[in-house]
């Protein structure tokens with residue numbers, strides 16, 4: 001694949017540069033002003049964490065350009081810029097996560113904004129947990145990408161529910177139409193002698209299908225749990241409360257109902273006893289039925305889904321502990337007080353409520369940044385070996401790790417359990433991945449891990465902030481050297497089913513597949529070159545790129 005870079009999409013200017021003038025001046029004055037943000041092309045102006053000083057362009061037909069070139073050259077000779085890299089960031093190797101951690105906030109922003117290296121351990125990609133926390137607490141009025149993603153997901157879920165409801169309504173209308181046609185023709189659809197129900201009964205039996213979460217929760221466990229039909233509509237909340245009601249029998253209840261455990265319509269929740277004064281679901285008093293048999297005075301408790309009267313939050317908060325302990329609120333206090341005091345000791349998310357201290361970050365507005373940057377082994381080695389802008393420290397001694405030891409460390413921990421140094425081969429996964437990563441970084445691409453789409457790498461033209469990935473990369477080792485054939489090394493086999501599945505996945509997300517063949521050197525040559533240094537060993541790997549596109553007979557005629 002000869003540099004198949006495509007220009008990134010540019011923002012389209014407004015039509016004819018004319019702004020809409022439909023709003024009146026009064027409305028324009030009252031309209032809230034959005035805070036001015038820095039453009040993305042200024043935030044991510046540097047493609048790498050190093051400074052370059054290119055010479056200006058020279059045009060032979062323009063003498064002024066020659067003077068500008070001479071001035072730039074003389075200024076850099078007389079006053080040379082500082083040697084690059086001017087800043088070397090520090091990181092710590094983490095054997096538990098097999099990654100490199102960066103804790104300095106300036107280093108985190110520099111590595112992300114100057115090449116999109118790593119990801120935040122509390123974020124999807126960009127390390128912006130602190131910004132999200134400030135927005136959540138109302139300290140900053142701005143938007144974050146995670147909120148936009150959450151809103152889009154909620155809209156898609158709502159759209160799917162509406163689509164399912166429309167489909168069920170269409171089926172219901174078809175059934176009603178079939179019932180009317182059967183009534184008009186006066187003939188039954190089947191030839192069996194089983195008596196068919198009346199058409200009004202059939203129409204009445206066709207009810208609205210359950211398409212929402214509350215309707216699905218209200219479905220009975222069996223036909224015996226189906227409640228009797230009522231003449232007035234029941235709200236979902238009342239139906240849930242009615243399903244949890246029970247009327248005590250002759251045996252005495254072993255627990256009492258606190259005042260706050262009763263609902264507004266007189267029903268009790270959590271299995272508590274209630275008075276049988278003949279109130280319906282809306283709270284209206286009904287006269288006792290004289291025609292009812294006298295012996296039927298109690299109703300046994302029916303099995304049903306238990307619903308808590310206290311609705312807990314189902315939204316994960318980043319400030320919650322990993323495993324929040326739910327305090328028990330069902331125990332009765334010794335002084336006979338209600339359960340409200342114990343409920344006040346629990347947050348809506350289930351974690352214990354603590355009294356706010358005057359020096360807590362929530363009260364002062366100062367939030368401690370709990371996020372760090374995680375670098376993969378390939379990214380850390382490229383920053384350390386390729387650019388020289390990163391220094392990886394040993395977690396025990398806090399001393400820098402040299403490049404050869406760092407490469408061996410990454411090779412050992414690329415798989416689990418870690419390999420011993422004697423088991424390392426030239427075709428291990430880390431060497432192949434780093435060779436491809438270094439290759440595309442040198443060509444100006446932004447490789448990112450592609451586990452989301454089943455790829456080895458995803459290639460971005462400028463970065464994940466500007467556009468989506470254009471290509472998915474799968475690495476295939478190639479044993480083209482004669483040494484591998486003489487030693488009868490097994491060649492990995494891939495099936496056409498695997499290839500079609502991979503291409504179909506990428507075609508669904510509008511991406512192209514790139515198969516990268518890496519020529520692996522034989523072990524004797526690699527070991528001899530590795531003694532000279534990592535650079536001599538990595539030069540032995542050759543990269544070949546093949547682009548694969550899905551051919552469709554309907555689209556490629």
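Easy rule for this one: first residue shown is 1, then count along the chain.
Backbone N, Cα and C atoms are what each Cβ position is placed from, and that goes for glycine too.
Remember, TrEMBL labels are computer predictions, not curated facts.
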(request) State the residue range annotated as region 'Disordered' by TrEMBL; the candidates are 1-40, 41-80. (result) 1-40
(request) Could you check what DSSP calls residue 460 (active site) once collapsed to helix, strand or coil? (result) strand
(request) Please work out the number of neighbouring Cβ atoms within 10 Å of the Cβ of residue 468 (active site), leaving out its own Cβ. (result) 12
(request) Fill in the CA-CA distance, residue 468 (active site) to residue 460 (active site), as an integer in Å. (result) 7
(message) What does the structure give for the C-alpha distance between residue 511 (active site) and residue 460 (active site)? Integer Å is fine.
(response) 11
